[in-house]
Every structure is written in C-alpha cells, then in structure tokens.
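Structure record follows, encoded as structure tokens.
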Amino acid sequence: MKTLQSTLLLFLFVPLIKPAPPSQQDSRIIYDYGTDNLEETFFSQDYEDKYLDGKSTKEKETMIIVPDEKSFQLQKDETITPLPPKKENDEMPTCLLCVCLSGSVYCEEVDIDAVPPLPKESAYLYARFNKIKKLTAKDFADIPNLRRLDFTGNLIEDIEDGTFSKLSLLEELTLAENQLLKLPVLPPKLTLFNAKYNKIKSRGIKANTFKKLHNLSFLYLDHNALESVPLNLPESLRVIHLQFNNITSITDDTFCKANDTSYIRDRIEEIRLEGNPVILGKHPNSFICLKRLPIGSYI
C-alpha cells in the first residue's frame, strides 16, 4: 500500500520536473527513479532530445561524402580539367607583346623567333634585334598594305620562295645584319633595299633580281662576300654601296654601256667600292658615263 502511494505521488510531480536546457544537459545521464517504466520514459526522452538537438547538427558538421567513381569522374571533367597543351604558335597577342600605333608595329628586342601575327591594317613592321631565323610566305599573306619591313639584327638565313610576292605596295625592305647567303625575289615597287652585313655571294643573286625594280633608288649590299657587282642594276639607282666585299673586277658594262659612248647615267649620286681587291684605276672606261667617280682604290 505504501509503495503504491509513493508511485502515485511520483506520477503527480513528474510534470513539474523540467529537464535542463540542451546546452546544460549531460546526454549520457539516464534518470532512474526506481521504476522500470520511469527509467524507460526518461531514457526515451533523453534519446529524442539528443537526436533532435544534437545528433543531426553533429552529423552535418562531421559528415564526409565519398563520391563514387562516376561522380568523381564528372567532377574531374567539369572543375579540374587540365588546360590544353600549348600550341607552337600560341603566343601572346602581338599588340601586347609589341607596340601598335596607327598602322605601325614595333617588335624590337622582344626575343621573338618568328614573325608574329600582324593586324591586317599594318603598313610598317619594325622587328629589329630579335631571333627570327626564317621568313615564310604565310608571314605576310594577309597583310597586303605593308610598305616597310625592317628585320635588322636577326638570325635570318632563309627566305621562302614567294615570301614577298603579295606585297605589291612594299617600298622599303631591310634585312641588314643577318645570315643570308642569297637574295629572294623582291617586290616590284621597292625604293630601298638593304642587305648589308650578311654572307651573300655573287652566285646567291640571280641575274634578273634587280632588273625590273624600276623604282629602286637605294641599294646597300656592303659587307658581304660578293665577287662581282650585281648585273642589270636599274637606271633609277641613286646610291649603291658595295664596299667591303670581295669584288676583284668590273667591266665597261658594269655601270655604263660599252656600245654607247653618249650614254650618261645622271641619277647616280654615290657608288662606294672601297675595301675590295679591285683596282679602279685599271678600268677607266667603266666610269665614263658617271658624273662622279666611285669611292675606292685607284692605285
């Protein structure tokens, strides 16, 4: 009877007992009030409190998701795909590497080893003192308005056939200080051609190389390995520099016309032949058509 009364009193006071807040509860405690039913009730309540207040949160904080092979492959493909391999000509845009100003492109001393892609409106290219070894037809295929090219101080030893064939407006071509052994076919409207300080020999210049260049005024072929003066030099020439080659002789037809004693070549202002083995004094008839004698050795 006393036991029954005690049990009833406990049931009456249980609703008045409030559990501590979740932050103050010890989730490991199981309240035991001396009866199996009460123990089970409080154990269930504690379990629910743990599940609702802490378990889900803790699981979110510590959950580690291990993707299967398929999802990992998708993630790899979409988020960490490696960059494609760099192409041979995949370089920095020309106008970032060089300076582009109103149709002029300045690529001087930037260590390029090939002609960079040029803006289509380019008229002047200065690519001096680089490491360019070869010029090809595709370098200028889509740049028809070029008027001046300057490749001074490169390593050019080969110029592909047809490289300048589409440059009908080109007026000045400078290939000084390179490694050339021969000359390419030159565009017809050239007024200046400069190929000094190369390794050009006479056999590297075809007989008709200069013949049709009716606008050519300035020709610089000094400091090469020429054994003779190039043939068929155009009447338009004003300045001819051939000093410091290996020229050993000249003829009456080199600058004049042996069969026409009245012929005067009045446009030529300067011919330089010093530094060659030839003795100009031995060929007096070679200069009778000139207003000024060539510079060189006469004795």
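Note: Cβ is positioned from N, Cα and C throughout, glycine not excepted.
Annotation source Swiss-Prot lists signal peptide at 1-19, citing sequence analysis.
For N89 (among others), the entry in Swiss-Prot reads N-linked glycosylation site, with the evidence type sequence analysis.
Among residues of the same chain six or more beyond the repeat 'LRR 1' (113-132), those with a C-beta under 8 A of the stretch's C-beta atoms are 89, 91, 94-95, 97-98, 100, 103-107, 139-140, 142-143, 145-156. Residues annotated as repeat 'LRR 1' in Swiss-Prot: 113-132.
Proximity of distant same-chain residues to the repeat 'LRR 2' (133-156), defined by a Cβ-Cβ separation under 8 Å and at least 6 residues beyond the stretch ends, is recorded for 103, 113-115, 118, 120-127, 162-180, 194. Sequence annotations record features per position, and here Swiss-Prot assigns repeat 'LRR 2' to 133-156.
If you look up Swiss-Prot, you'll see 157-180 marked as repeat 'LRR 3'. Distant neighbours of the repeat 'LRR 3' (157-180): 133-137, 139-141, 143-151, 186-200, 204, 215, 220; these residues of the same chain sit at least 6 beyond its ends, with a Cβ under 8 Å from one of its Cβ atoms.
Counting residues 6+ beyond its ends, the repeat 'LRR 4' (181-200) has Cβ neighbours under 8 Å at 152, 157, 159-165, 167-175, 206, 209-210, 212-226, 241 in the same chain. Per Swiss-Prot, the feature repeat 'LRR 4' maps to 181-200.
The feature N-linked glycosylation site is assigned by Swiss-Prot to N215 (among others). Counting only residues at least six positions away in the same chain, the Cβ atoms of E171, P188, K189, L190, T191, S236 sit under 8 Å from the Cβ of N215 (N-linked glycosylation site).
With a 10 A radius on its CB, N246 (N-linked glycosylation site) counts 15 other CB atoms from all the protein chains. As annotated by Swiss-Prot, N-linked glycosylation site applies to N246 (among others).
The predicted model assigns the repeat 'LRR 7' (248-278) a mean pLDDT of 94. As annotated by Swiss-Prot, repeat 'LRR 7' applies to 248-278.
Within 10 Å of the C-beta atom of C256 (disulfide bond) sit 19 other C-beta atoms, taking all shown protein chains into account. In the three-state DSSP classification, C256 (disulfide bond) falls within coil. Per Swiss-Prot, disulfide bond is recorded for C256-C289.
Swiss-Prot lists N259 (among others) with the feature N-linked glycosylation site. When other Cβ atoms within 10 Å of the Cβ of N259 (N-linked glycosylation site) are tallied across all protein chains shown, the result is 8.
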How big is the Cα-to-Cα gap, in Å, between C256 (disulfide bond) and N246 (N-linked glycosylation site)?
21
Measuring Cα to Cα, how far is N259 (N-linked glycosylation site) from C289 (disulfide bond) in Å?
12
List the Cα distance (Å, whole number) between N246 (N-linked glycosylation site) and C289 (disulfide bond).
24
